[in-house]
Every structure is written in structure tokens, then in C-alpha cells.
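Asks: Sharing a structure below in C-alpha cells format, with a few things to ask.
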Amino acid sequence: MNKALKALGVLTTFVMLVVLIGGALVTKTGSGLGCGRQWPLCHGRFFPELNAASIIEWSHRLASGVSIVLVLSLAFWAWRKVTPVFRETTFLAIMSIIFLFLQALLGALAVVFGSNALVMALHFGISLISFASVLILTLLIFEADKSDKKLVKPLRIGRKMQFHMIGLSIYTYIVVYTGAYVRHTKSSLACPDVPLCSRLNHGLPSHFQEWVQMGHRTAALLLFVWILVAFAHAVRSYKDQKQILGGWIAALAFVVLQALSGIMVVYSEMATGFALAHSLFIAGLFGVLCYFLLLIARFRYESKQRNI
């Protein structure tokens, strides 16, 4: 496969991650209106004023603009080169473009017209899908060489494993939404203790922001347990399937790091590094789970072809 295409895929994935983390930084620092209610200009100018909020918001917009050019280039090039090897390339190319523009549109509308926490939480979720689409498209580009050399072992995914993969992909997105809602309702520090909310009221939440925070923690705990169960199933039954076993090892690592960074967000009183790491690890986890969905689609197609 063309080395330049691989390089473009890696660069585009990195820039999409920068956009995702940049959006989290905008929320963390309250810089959403750093350029006022104007888009794409910043207080009527192309270059921002020299203050932190304006620079953070403008940099996020700049990265988003660069990502549009890169994603369009990658999608078209991958569609031309990789589709003959992997039929799912077309779908991923379209997905990456649609969700990228949807993400940009929501961000622009939020700046110009304002928005509420529910919609802004959705903005992060759409950004996550956009990133995952580009990540998987890049993985396909690298896998195309292995496929040509027939190094990819035929997939075997049972119904139980498919249930874990599909169910966790959907449920993780829900947990992501609750986490984004925590940030946009300013509930990140509503509960100063872990695992209970506080030392008052028997550790139970007593007002809206505490309920939002504890709801997210409960959902995240269930996510951790579910991934642990799926990982154990993979270890028992899929040792010969490196893509699946390796994926679950990565998923478990990401969810552990996600939990630890979430705890440190509370104890560090939302230190920027831990807050951004929290977004980074969930992006990695969601990317792995979306790759599992690709494997399921590929397995079902191959099974159908064998039965014809």
C-alpha cells in the first residue's frame, strides 16, 4: 500500500485526536466564547486577541479546519485505493466526512446561537464517532498490505462475543454522553469523594449536579465490569484470534486508565492534565470497540460468502 497514504492516515488520525482533545480543553477552560459570538472570525478578526480564552478557541477552530482538508483527502484516496481490498472502506469514508461536518456545524451553531448542556454533550459524542471513523479507516489502510499477503487469519466470532462487542459499543457511547453532560453542567466536582459522593447524607447525592455526577460514576462502573467480563471470555475462547484478544487487552487497559484519570480529576480538583487524559482514554476505548464492529461486519460477510 502507498506509503504516502499511510502517512496521511496517521497524520489525519492525529489531527482528529487533537481536535477531540482541543474541544475538551475548550470546555475545561470555559473558552467556548473566547472569540465571542462570531464564526469563523474571532472578535471580527482572523487572528485572535492575545488572551488565553481567544487563543484556545481559535486554535481549536484552526485544527478543525485543517482536519476537514485532511479527512476529505484521506477519504477520497482510501476509497480509490483500499476499496478493492476491503469493501467497508466506502462506508467508513462516508461516515468520516458526514460526522466531521456535523461536528463542525454543531460547534459553529453553539458559538453563534448558544446551546444547552444536552446539545453540547452530543457535540462531543459526534466528535468521538468522527475520530473513530478516521482511526478505523487508517487501520484498514495498514491492514490492506496484510490482506494482500494473506496474513490475516480467518475470523471466528461467536454470538456471545458479538453481543459483548455490539452491546459495549452502544453502552460506551451512552457513558460518554453522561460524562460530557457532567462537564457541560459543571458537575465534575459536585461529589468531592470517591466512590461515594461525600461524607454527608450517607454518601448519597442530594441535588441535581450530584445526581449527574453519581449517575455517570454508576454507568462507568458497570462499563468497567462488563469489559472485564468480555475480556475474560476472550481469554478463555479467543486465544487464537489475535485481533480479538489484542483488542480486548487494549479495551481493558483503556477502561482502567479511564477510571484512574476520572478519580484523579476529582482528587486534583479538575487538573487540566487529568481532565484531558480522561478524554484521551475514552477516545482510545471507543476506537477499539468500533473496530470490533468492523470485525463483526467482516465476519458476517465472509460467513455469508462461504455459504453461497
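Even glycines carry a Cβ here, placed using N, Cα and C.
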Asks: If you pull up Swiss-Prot, which of Cys35, Cys191 shows a disulphide to Cys42?
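Replies: That record, Swiss-Prot, gives the partner as Cys35.
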Asks: Please check, using only what Swiss-Prot records about topology, whether Lys28 lies on the same side of the membrane as Lys242.
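Replies: No, opposite sides.
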Asks: Looking only at Cys35, Cys42, Cys197, which of these disulfide-bonded residues has the biggest number of Cβ atoms within 10 Å around its Cβ?
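Replies: The residue with the most neighbouring Cβ atoms within 10 Å is Cys35.
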Asks: Among Cys35, Cys42, Glu57, Cys191, these being the recorded positions, pick the one whose CA is nearest to that of His216 (heme b binding site).
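Replies: Closest by Cα distance to His216 (heme b binding site) among the recorded positions Cys35, Cys42, Glu57, Cys191: Cys191.
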Asks: Anything within 10 Å of Cys42 (disulfide bond)? Look among the recorded positions Glu57, Cys191, Cys197, His278, comparing CA atoms, and list what you find.
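Replies: Neighbours among recorded positions, in sequence order: Glu57.
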Asks: Taking all residues of the topological domain 'Cytoplasmic' (1-6) together, what is their mean pLDDT?
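Replies: For the topological domain 'Cytoplasmic' (1-6), the model's average pLDDT rounds to 83.
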Asks: Measure from the Cβ of Glu57 (active site) and count the other Cβ atoms within 10 Å, all protein chains considered.
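Replies: Its Cβ shell of radius 10 Å holds 24 other Cβ atoms.
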